[in-house]
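According to TrEMBL:
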- 37-54: compositional bias 'Acidic residues' (COMPBIAS)
- 718-727: compositional bias 'Low complexity' (COMPBIAS)
- 118-171: domain 'Sushi' (DOMAIN)
- 177-237: domain 'Sushi' (DOMAIN)
- 242-296: domain 'Sushi' (DOMAIN)
- 309-362: domain 'Sushi' (DOMAIN)
- 367-422: domain 'Sushi' (DOMAIN)
- 426-487: domain 'Sushi' (DOMAIN)
- 492-545: domain 'Sushi' (DOMAIN)
- 550-617: domain 'Sushi' (DOMAIN)
- 760-822: domain 'Sushi' (DOMAIN)
- 850-899: domain 'Sushi' (DOMAIN)
- 33-72: region 'Disordered' (REGION)
- 705-762: region 'Disordered' (REGION)
- 1-21: signal peptide (SIGNAL)
Amino acid sequence: MKLNYWCILLFIIFFSNEVSTLRTRRNASIITTTPTTDEDDEDWDEPESSEIDDDGKVYKNPRNSPSTECPRDEEQATLLGQKCLRKCSSDEDCKSKKKKCLCDGSCGLSCIKPDRECPDPEPIADGTVTASGKLFGAKATYTCQHGYHVVGLQSRNCQADGQWAGSAPACKQNVYCLTPPSIDHARHNAPAEQSTFDLDSTLQYYCHTGYVTNGFPRAKCLAVEHQASWYGPDIACEPRSCGPPTDISHGWHAGECYTFGCRITYHCAEEYELVGKNERFCQSDGVWSPKELPTCVRRCCIVVTAVQCPPPDNPRHGKAVYTSCSYNSVVSYECKYGYTLIGESTRRCGADKKWSGSQPVCKEINCGHPGRLWNGWLENIEAGTGLGASIIFRCHDGMYLEGNTSTVCQIDGKWRYPLPKCLAPCVVPHVTQGKVILIGRNETAMTSTVVQHGEALSVDCEQHYEFLANLAPVTCNNGTWTSMPKCDPARCKILPKAPRNGMVIAPKMEHGMKARFRCKDGFEVKGGDLMECSFGNWTGDIPKCEEVYCPYPGEVMNGKILLVGNMGLYDYRPYVRKVINNKQIMYDCQKGYFLAEGPPGATCIGGNWSPKELPKCLLGQHPRIRWNRRKRSAIMEKYKRAFIRNQRFIYGGRERRHVHNYLHLVKENSLLHRRKRSVLEKPLFQRVAEVLNVFSRIRRKRALKGGGGSRALGTAHRGSSSSLNLRRGNRKQYEDEEDEQPINQVVEPKSPKPKNKGPCEPLSSEPYVNIEVVKYGKDANVTFSAGTIIKMACGKGYGLNMPENKTAKCVRGKWRPTKPMCLILPCFVPLTPFGIYKLSKSEITSNITFDVDQPLNETVDIENGQVVEFSCEDGYQVQGPRNLRCWHGDWAVTSFPECTP
């Protein structure tokens, strides 16, 4: 009596504490936990409305088709807090090729990453936990010390969401609850395989789909006087009501059950016929299906009293059932047991005194021979295969029967169950560096050499080895293993630590694979740059990344080097040691000098200046003299005296002058390896020749005015010449032939050469040349007459030999400043990390002026049609084309090559 009093008191206290929770959660949604998701997982399940997936692909095996072997119970999975992945029926239904269609407990067949790992299972007090692995499908088994019992799940599986199923159990001595109460049409949120529960465990009950919860839905494990038992739930799951169905005009419905799973039928009054479906069902959502109601339509009455059809004949092995043979009467047919009706089951008497249609027949029901049972035989087949016949399936010794052991011929002419399969056993393989364990036999080592079909194996590998059963458990399938189990050297699970200012690259992490270390720009590896994975551990030392600095580039004659800083430009001196990566310098010339050739600056890249060539500062050149006619005679006299006094031509205080014999194009490096060209001033030797021509004209004028007694310049100037050292070493002398005359020789008057005022030579008319006439010349009938000003533009792959948008003028039969032409553009050497470009020796032209065996840098121009060969530094492989041909300023390839580790 005392015990019952305490039980009732505890239940009242528990019920009062939970009643407020019940009011707020009676119609609440199911509480779930959010599992940890994987960022790279593309196969989380999502609602869909058709068999066509979001990528527009129609799968051969629709993933929505239910599986009988591994069905999906999303409601149960939600109660257990399990996150279901994308449903499937085959591997083709998975978006990722790394996913496989595998069974995931309550979630059924799902797209699963087989190498998904679960964390180490947490240990329990007074017990131990043993895990067969950490990959999907692994099993963690819990055991307790002597005198303790496992309360909770005795084993947990690694799920596809990366979590162990359920929660960890506990080791208790004697006080715990057993299986919770069972409620009709309801389930609770504990795993079905859990049979023991700790004190204070609370279970939430939920009604099945189509049922409504009424009452207190919770149960709690409590101990009263050292006796543990469940208190609650006080719940009833009642079917959901659809309400009374709507009646139809001239008809009624039969059936008084209006809740989930019930059915009603509609009928019409006399002289009315039912149009539509005569049955409706109450669904789980409380709605009648179908939604459309049938209707009762009045028959068209034709009063024919004299029409009588002949009595219908009985079919063989059957009979005709009728009450009248008058007009519009109906006869129905039925067959004896063991026969089925073939044809129309009813006929109607028409106005032509004939029954509609044709008479049906009764055919014997025979299911026929079920087929051959391989590796087995059929028992009792000799008794026949008619309705009710029974057959027993037998397999040979050692074979496993998969399916039903017998079948019966049904009234529809089909066997109740199909033929089973007799499947052969498998021989247990031998595994080096490990031992075979049979899953489902308490995970003990194998002692027998043969296992039945369907049994799965696992492997317990030695230290530094692992069993890579990634796709599915190794299972016996009709005498053959789905895959041969083996113990492979352990993989490295994590990358080695990256050095500071560096990174580590390891595409694969299996045993024997290598990881490569790389440093950021401006740093270099000190130490070994490789580590190798050996039996699950990385071997070798982690290197360091040390910063590299660019050295002083050297002195620029008649110039200086400026270092580009955050606040401006600074003088760069040799004592400045630490110039870091990406710093830039600029070259500047002293006053009176200009930057003639070489880059205008450089960038520090990986401890070297790029480009590495230093420029040259050449002495500045004065512009051409424009003579004033009023002062010409005085100036000419001054120059004449200077020539006679010094006996040689002196310009700017120098006897010899190095000049260009062509218009020199200055390369300008914009640090992006794109170069522009500009034309310098007119060369010095041209201006010297012009001055000498002026002197000659003055002497000729004086000779004509002074008659035969006039003399030329003195002997001091006889035979003088200007020696001009050209850029390529060619030496050319410009001699004044008139000064070769002896003293007192009279200069014969020469007629002045007529000025050439004719047209200029024609320009190119190729398709890639576009000529725009800015101003027409003096003679409109001549294409390029004197005074014509034109502007030339070049098509793709060609470049103009003069500055862009600059005009050319026809002056005295010559184009000024030069004749415009479109020249084929060269190519620039691409900048590829860790790549090497060299000229192809089979394609070398005759005008190559550098060593073809040396790698090409970014400052070298590649002529049109030239081929370069591409290769990579040690430790890298070429990805892409190895040969590149220059064609009109571009490389004739679809994509540039790369160097990969």
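Each residue, glycine too, has its Cβ placed from N, Cα and C.
Only pairs six or more apart in sequence are counted, and the domain 'Sushi' (426-487) with the domain 'Sushi' (118-171) gives three or more Cβ pairs under 8 Å, enough to call it a contact. Taken as a whole, the domain 'Sushi' (367-422) shows an average pLDDT of 90 in this prediction.
The largest share of C-beta pairs under 8 angstroms with the domain 'Sushi' (550-617) comes from 850-899, of the ranges 118-171, 177-237, 242-296, 367-422, 850-899. Across the range of the domain 'Sushi' (850-899), the DSSP-based residue counts are 0 helix, 20 strand, 30 coil. For the domain 'Sushi' (492-545), the number of residues in each DSSP class (helix H, G, I; strand E, B; coil) is 0 helix, 24 strand, 30 coil.
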